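K.L.:
Take this structure, written in structure tokens, and hold onto it; I'll ask about it next.
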Amino acid sequence: MRIILLGAPGAGKGTQAQFIMEKYGIPQISTGDMLRAAVKAGTELGKQAKEIMDAGKLVTDELVIALVKERIAQDDCRNGFLLDGFPRTIPQADAMKDVGINVDYVIEFAVPDELIIDRIVGRRVHAASGRVYHVKFNPPKVEGKDDVTGEDLTIRKDDHEDTVRKRLVEYHQQTAPLVSYYQKEADAGNTRYFKVEGTRKVEEVRAELETILG
């Protein structure tokens, strides 16, 4: 079961990815984690990636694809994998296909931008424990304070409204075209494409995913 999750940041992919991993026993492959692991392990590809990153440059698509290919050949991917945050662009999707990385399911999480902004900008975090609150959807007992320790809650740098809006613009320019790309792939019988309304309750989205994935 090889799955790609598509959707803007804050569309709820992370929550559902956790559920899919646990239910179906497949690992989530995040390109960021994968790059860090390869650099730490000192593999040939990891050394190349480190050189590029140390120079302050972006790692090339070719190198990321090679890392993905190496990663999915590992034992824990025998039953499949879940790709998170990759591919981000059509050239990356094409490159994946060219090296024989096929996917069974592409699931798009559809959520309007304004709701995403609402979701992300309202987040508050207790840095020491990682506990996450939301001023509207999951408020702490005392405003601005962690329920357990009473310590101050903070706003992550990425959760400021101007940053979120920039990320959404980037998503619509770069990643949204993958929606029509994978719809065409599904029409050609190369994958199965599903659109999930991410505005609903977590449990409702989860139930739909179970129906889709079986």
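Just so it is clear, glycine is given a Cβ too, placed from its N, Cα and C backbone atoms.
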K.L.:
Among ARG2, ARG123, ARG192, which residue does Swiss-Prot annotate as binding ATP at the site that also has GLY10, ALA11, GLY12, LYS13, GLY14, THR15, VAL132, TYR133, ARG200?
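P.N.:
Answer per Swiss-Prot: ARG123.
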K.L.:
If you check Swiss-Prot, which stretch out of 30-59, 60-89 is marked region 'NMP'?
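P.N.:
Region 'NMP', as annotated by Swiss-Prot, spans 30-59.
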K.L.:
Among all the protein chains here, how many other CB atoms are within 10 A of the CB of GLY14 (ATP binding site)?
P.N.:
14
K.L.:
Hey, how far is ARG123 (ATP binding site) from ARG156 (AMP binding site), Cα to Cα, in Å?
P.N.:
8
K.L.:
Please give me the binding-site residues out of THR31, LYS57, VAL59, PHE86, ARG88, ARG156 that lie within 10 Å of GLY10 (ATP binding site), comparing Cα atoms only.
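P.N.:
Correct set: empty; none qualify.
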